Amino acid sequence: MTDTPRPRPLRVLAAMSGGVDSAVAAARAVEAGHDVTGVHLALSANPQSFRTGARGCCTIEDSRDARRAADVIGIPFYVWDLAERFREDVVEDFVAEYEAGRTPNPCLRCNEKIKFAALLDKALALGFDAVCTGHYATVVVNEDGSRELHRASDMAKDQSYVLGVLDERQLAHAMFPLGDTLTTKEEIRAEAERRDLAVAKKPDSHDICFIADGDTQGFLASRLGGKAEGDILDEEGAKLGTHDGAFGFTIGQRKGLRIGHPAPDGKPRYVLDISPVNNTVTVGPAEALDVTSLTAIRPRWCGTVPAAPGTYTAQLRAHGGETEVHAELVDGELRVSFQQPVRGVAPGQAIVLYDGTRVVGSATIATTSRRAATQATA
Amino acid sequence: MAYLDHAATTPMLPEAVEAMTAQLTVTGNASSLHAAGRRARRTVEESREAFADSLGARPSEVVFTAGGTEADNLAVKGLYWARRAEDPRRTRVLASPVEHHAVLDAVDWLATHEGARVEYLAVDAYGRVDPETLRTAIGRAPDEVALATVMWANNEIGTVMPVRELADVAAEFGVPLHADAVQAYGQLEVDFAASGLAAMTVSGHKIGGPYGIGALLLGRSHAPVPVLHGGGQERHVRSGTLDVPAIASFAVAGVLAAERREDFARTVGGLRDDLVEAVRDAVPDAILGGDPDPGGRLPANAHFTFPGCEGDSLLLLLDAQGIECSTGSACTAGVAQPSHVLLATGTPPDLARGTLRFTLGHTSTAADVDAVAAAIGPAVERARTAGLS
């Protein structure tokens, strides 16, 4: 029923970031009897020598850590230069999305366009059967051979959200050795230690790998030109202050508004809307963040396309909780209504639909509605 | 296993291993005055004499270093500093664009930090510098040339340079010429005195000697400014306690390399010719890099460009079948870059990414060639499917 062990050994390409998860994943693939080759993706045209802080996955040091792990595991190791593809498909997309007032998730984009597209295609062409990563998610093979993507056994580590963009074909060649077992991060580290992998104690990477210092606003400012001053408005359109560029804001953001004077009701104000065309940012009270329905585009299904409207659980952020939704597909667009209003939903983010632990599919949020949903709950 | 990367490093000769291990248990600093020191010094000097003799050099012209890279740095930087100190106008450095990075990066460093004006000498499609090109380049301002550096034979495509003619041209203008002979040593007749060179680099582990030892052959009239300062060993040019076991072993390997050179060139050259033929049979559009005339290339080198392939893909596919070779080009952060050598010969960048270098050595056999013959066709076909990402 589960992904491993398999009846026959596969030729597996293990994507190794230089971190502990992907190293243990590669080691487990070897242990499962597969013929494994490690590959580190060079995603930055000008890699920094060393990590700054605990984040990032594009440094020379990470590449060396990955190579060292591959040597200990005893598998061939290569570095593939996908910097150009990464720049085009992930970084430029990230910048363009922010510029358009949306909040993209580059990790999903990377899985869809790089790890399970550029990398997978090259791997298949070179005779590999599967790409293995250190993601915490589970692939279930049905008796008819079809595949399902499920949440990891350990819900706390589950990363199925960022894999929700994978379609059936991509899934057919994906291997996630860490998702099948109920393992905590501490146990993975202990396992790495047991396997003599020097990355056992390496800090987790987080945030956005191509923004090494973690300063997303600074990165966007450098990419989208200098400061473009615009207005901060309230819900009625009255000017409350100014900002240095609409792209620097995220819906639901509270800090850094610098409005200076309190709202009439004395409650904190949050970013409700970003309009890059007018370069305005609209703020209002927390209640105004309540989203009751949304539409989402570019749906991708991890299996058969759901024919009829249905009830699912949805996840709206990488580490967000689940919420009950009703969803239907209308003219290729996903219409979703929430049983309970949710906050902090921004266009550009991905909504991933689940049926129990099974990933049904994902789509990119296009519009949100803050009033009671009507047409979406047909 | 078919090991076809001898230009990267070649197995140590048993005689060299024996010489090294014999010395590892002997105590003595060759600079010490007591009996142990005298014994060590005797070993070093006897090794130096045999080594020098095998290279057509005088013992005093041998400066032992910790390898080829150090010898290249010492020659390039040291001669630059010394020549400029004699005459501040001398800041021109003439270099071939196909040099090993040990020379190329040293030259670049001089340009960035020491005011050197670097001029790269044009090469032909085989990567060869014409002596007339050097003459013209020096002639533009002969009094301002600090040094010229042109490798004896190229490490990637195997092209042999006309060293003697180049040295003659340099000598006409009184310009010191350095040659990196790391790849030529053991394969071509390398005679320092006959070459007319001011300085020449050789390395131990490319000829069956140990890692971490090399030498700069240095004409006695040249006194480069040291890169390493310290105890004043090696003509005050290269300080540091002499590595007696490595020097003894290097000398044994060097003497054997000279003795066996003709035989080596014939045997290995024959295998190389078979390999070239086999690759061309399997992949008719493969392009042989460097000079197709066997007289103009290293006997152990076969270099190919496979249009539509990435060298990295080929490397992976061949490695999976136990064939160990190289793309021939250097890596930046582990990422293969189009070879500067191929780019200098006018190869388009996309084509320059699809290269493989097979280099043979004293342990190579016909079975190695057969392995390549069987594997290369399907590997190229598959790599072409993967394309250039």
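Heads up, residue numbers simply count up from 1 along the chain you see.
The backbone N, Cα and C atoms fix where each Cβ goes, glycine too.
What TrEMBL says about this protein:
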type	residues	note
ACT_SITE	A:Cys110	active site, nucleophile
ACT_SITE	A:Cys209	active site, cysteine persulfide intermediate
DOMAIN	A:218-284	domain 'tRNA-specific 2-thiouridylase MnmA-like central'
DOMAIN	A:292-365	domain 'tRNA-specific 2-thiouridylase MnmA-like C-terminal'
SITE	A:His135	site 'Interaction with tRNA'
SITE	A:Gln349	site 'Interaction with tRNA'
Over the span of the domain 'tRNA-specific 2-thiouridylase MnmA-like C-terminal' (A:292-365), how high is the average pLDDT in this prediction?
91
Spatially speaking, which of the recorded positions A:Cys110, A:His135, A:Gln349 is closest to A:Cys209 (active site, cysteine persulfide intermediate)? Use C-alpha to C-alpha, please.
A:Cys110
Which three-state DSSP class does A:Cys209 (active site, cysteine persulfide intermediate) fall into?
coil
Reported as an integer number of Å, what is the Cα distance between A:Gln349 (site 'Interaction with tRNA') and A:Cys110 (active site, nucleophile)?
14
Are there any residues at least 6 positions away along the chain from A:His135 (site 'Interaction with tRNA') with a Cβ closer than 8 Å to its Cβ? List them or say none.
A:Asp21, A:Gln159, A:Val162, A:Leu163, A:Phe176, A:Leu178, A:Gly179
Counting across all protein chains shown, how many other Cβ atoms sit within 10 Å of the Cβ of A:Cys209 (active site, cysteine persulfide intermediate)?
21
Provide the number of Cβ atoms within 10 Å of the Cβ of the residue listed as 'active site, nucleophile', excluding the reference atom itself.
28
What is the number of other Cβ atoms found within 10 Å of the Cβ of A:Gln349 (site 'Interaction with tRNA')?
25
A:Cys110 (active site, nucleophile) - helix vs strand vs coil (DSSP):
helix
Over the span of the domain 'tRNA-specific 2-thiouridylase MnmA-like central' (A:218-284), count residues by DSSP class, listing helix, strand and coil in order.
9 helix, 20 strand, 38 coil
